[in-house]
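K.L.:
Before anything else, here's the structure in question.
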């Protein structure tokens, strides 16, 4: 698929998935109307015009924010500009997580693993349900995520979880609870974001460490929107399955940019892949 046709496909996908604010909300007002700095001892801040929230990391501490509201089935969109230059060892995040008992917690993760200058970021995704995760898929991006803001979206409904990058779906996890596969469906979740040091594992398996001479590291967030679905009968475009155009766009992203899939890791699962891996 050429560049022009991919862009057209993404525009169609946006319409199919309700990305043009069908039943949704546009980003208006200050970002701290929806998000609040949670930790970091002054390392998280909001720009004077209220449009951008910045998180910073130095050798002492990282920083983080959380949404003021919790959600049960929702769509969130957030633009992020990642740490530039040598970001090895750093992890920038945006994720849903429940607030109840940890042993049964639910979570939908987007973690951006930094790298040395000139090497690609890795977008690490995972889903936890009833305390069990292990559903990792990782992607490189088809652009430099440090030079400008890009939109990252999580669509969490009673039918499926979608992860999108600039309107292109890259991952879908369907609800197979009726087949015994745990799915986040009963616990409200809050959205969180953070910038922290994870040089024991984040970059090339921990072989490349954080270069603290480059600190402070800074990631920036803007244009946060969240729309909660009142029920599975939410507005058109919100809770429906992807059509052929959306499936084609996701196949393009996965074929070209997915670098790890737990459903293809035979060394990790020598006795056979988890059952959801073979479910349509």
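Placed from the backbone N, Cα and C atoms, the Cβ positions cover glycine too.
Under the heading domain 'GH16', TrEMBL lists 1-221. Residues annotated as active site, nucleophile in TrEMBL: 107. The annotation active site, proton donor is assigned in TrEMBL to 111. Annotated N-linked glycosylation site per TrEMBL: 115, in sequence order.
Could you tell me the structural context for the features on the list?
P.N.:
The Cβ of residue 107 (active site, nucleophile) lies under 8 Å from the Cβ of 95, 96, 97, 98, 126, 127, 128, 133, 184, 189, each on the same chain and at least six residues away in sequence.
There are 20 other Cβ atoms within 10 Å of the Cβ belonging to residue 111 (active site, proton donor).
Residue 115 (N-linked glycosylation site) has a Cβ environment of 21 other Cβ atoms inside 10 Å.
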